[in-house]
Amino acid sequence: MNILIAEDAPSDRMLLKLHLKKLGHTVYEVSDGNELISYFLEHESELDVLIVDLNMPNKSGVEAVSEIRAHQGSYAANWIPIIFLSGSDAEDDILYCIEAGADAFLSKPVQHKVLLAKIIAVTRLAEMRKELLIANARLKALSTTDYLTNLPNRRAFENALKDEMGKSKRHDQPLSVAVLDIDHFKMINDTYGHDAGDYVLKELANRLISDQRSGDVFGRIGGEEFGLILPHTNVREAAIACERYRTLLSEQPYIYESNDLDLTVSVGVCMYDGDEKQFELIKRADNALYEAKNSGRNKVVIDDA
Ligand SMILES: Nc1nc2c(ncn2[C@@H]2O[C@H](COP(=O)(O)OP(=O)(O)OP(=O)(O)O)[C@@H](O)[C@H]2O)c(=O)[nH]1
């Protein structure tokens, strides 16, 4: 492991270094709190453990460690274990160090085996923490992503819409929303099977995002229904964009097991009025979609109420 020692007393530093080298670690050294911070910031990704003396010139160990923890934040994946060293084993010192962000405390003179045990314990904790962060990130991605298309799911779409509605209101910028639905999708399932339907949904999502403008959010909000959030876009511009998507999604057949599946989509689009609730906005887009379906499908209808 790569271990950085911050210790101002040369003899203590030397002794510690010998112990750690004997244990097979690579050791780096600094002699005060300021050097500790600069070295850490420069080599953050290469270091595995910090061993920090409580009392050092210029900046104390506690001050330096507090700064390092503030820099890392509580969700840093590369959060580093820190062991404090002190000549005193006063209870107050121990508490002070742990509260500053340390994970373990050692009294000087350091005992070889105690040092080994603390290093094993803190690195094990760091490893578990890292695994937990990775697992959390995976769970978050799973809970916000549609498994079939990899687009944001309904929940993520609604959260994104809420954010965009807030931004639109704050910056007095237009915001449009569209709901896009595949026409007679049931027929594809019924004629070619559910797998063909799944293939179409995936392929359609790919085509949709191939033309996605940066800042726009597309989500799968129902079985064969997709939601489009178009920030900085008024309803006329949104209708033009939706017309482009309608053409893009239907101009080429979807080829599944040598079958050419032709499909069209209907779209309802509307613009946020700055006051309405999220469900009201989606409802208006849905109403426009309903009108598109009822007036022949394969078209974009605007709700400009
Ligand atoms: N393959 C597949 N089909 C799905 C999925 N989710 C929903 N569906 C199907 O989508 C079809 C939707 O059918 P309807 O609501 O009648 O709509 P439609 O046939 O597209 O007709 P219109 O919307 O009126 O043009 C149903 O057959 C659902 O089973 C999915 O994840 N995979």
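Positions of Cβ are set from backbone N, Cα and C atoms, glycine also.
Bear in mind that TrEMBL entries carry predicted annotations, made automatically and left uncurated.
For reference, TrEMBL has these:
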- 2-123: domain 'Response regulatory' (DOMAIN)
- 173-305: domain 'GGDEF' (DOMAIN)
- ASP53: 4-aspartylphosphate (MOD_RES)
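Look at the domain 'Response regulatory' (2-123): DSSP puts its residues at 61 helix, 24 strand, 37 coil. Across the domain 'GGDEF' (173-305), DSSP classifies residues as 58 helix, 38 strand, 37 coil. Here the domain 'Response regulatory' (2-123) has a mean pLDDT of 87 out of 100.
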